[in-house]
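Engineer: According to TrEMBL, the record shows the following:
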TRANSMEM  12-36  transmembrane segment
DOMAIN    12-223  domain 'CWH43-like N-terminal'
TRANSMEM  63-81  transmembrane segment
TRANSMEM  101-122  transmembrane segment
TRANSMEM  134-154  transmembrane segment
TRANSMEM  175-195  transmembrane segment
TRANSMEM  201-222  transmembrane segment
Amino acid sequence: MLHLREQSHRFFVALPIFAAFVWFASILALLLTWLISGHPRYVSQEGSVAYISDVGASFLKPLFVVACCITGVGLFLSLVLERLLRHRGRLPPGMHRRERVLGILAVVGAFIAMWGLILLSGFDTKHYSTLHSIFLLVFMLGVALSALFTVLEYKWLAHDYPHLHKLRRAYIAKAAIGGTLVFLAIVFGVALFYAPNVGAIIEWAIAFGFTFYLLTFCYDFWMAKETQARESRNSMVEIPGLQGTLGTAEEGSSRIDA
């Protein structure tokens, strides 16, 4: 079992970075494949601009499925890890019950989004158009709920720790990125029925924008660096005889400087 109090903050940061890299690289590969191939028209395609699901249902489906699985699990584990780090004191813990409740609800939202993303990739739009649309809606709702509860949690955390400016910056970043993605998702839902080409362009924009939302967790986990340094100093002081040794070294250093 991992000892979260002793792990380097880089270990935590690597999780969202890996998920964001896999997602961005896969979406970029899908887009470039469609562009380089001369804008082919897929069986499931309606307008002149292909949707991600159209390209993902082609011969690139294995790539799309793997990317969705890794990204979905990465999002969920990032929320779970954040909960554990707050519980262990590596990140600023909630001062009230509301923060803990909001954190748990954010994890539940990420769990819903994870399964929605995994299932929509398996049930492609070419063979299971209805199921694909349902799971796409589940994924978007899950992400929206998770982002909403996360932003509210950070809002109260920033209120509880006014001296921690990093928390406020994290709150603003999540609110800005999450709010933009939710707004685009609403526009996408409308354009899906009235302007398919516009809806496709917005879907690609949302997909690339989701990368930045994943990267916000890197900033969150980076704050664990400060608690790691504090734990290291405390453990050094607790070692028998070490405090006296440090004091002697400091005195010697003072004499040399003099």
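Including glycine, each Cβ sits where the backbone N, Cα and C put it.
Small disclaimer: the values here were computed from a predicted structure and weren't measured.
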Engineer: Name the range, of those listed as 12-36, 63-81, 175-195, 201-222, that has the largest tally of Cβ pairs under 8 Å with the transmembrane segment (134-154).
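Structural biologist: Answer, by Cβ pair count: 175-195.
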Engineer: Do you know the mean pLDDT across the domain 'CWH43-like N-terminal' (12-223)?
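Structural biologist: Computed over the domain 'CWH43-like N-terminal' (12-223), the mean pLDDT is 89 on the 0 to 100 scale.
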Engineer: Given pairs 6 or more apart, does the transmembrane segment (101-122) have at least three Cβ pairs under 8 Å with the transmembrane segment (63-81)?
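Structural biologist: In contact, yes.
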Engineer: Please give the sequence-distant neighbours of the transmembrane segment (63-81): residues at least 6 beyond its ends with Cβ less than 8 Å from one of its Cβ atoms.
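Structural biologist: Non-local partners: 12, 15-16, 18-20, 22-23, 25-27, 29-30, 52, 55-57, 103, 106-107, 110-111, 113-118, 120-122, 143, 146, 150, 214, 217, 221.
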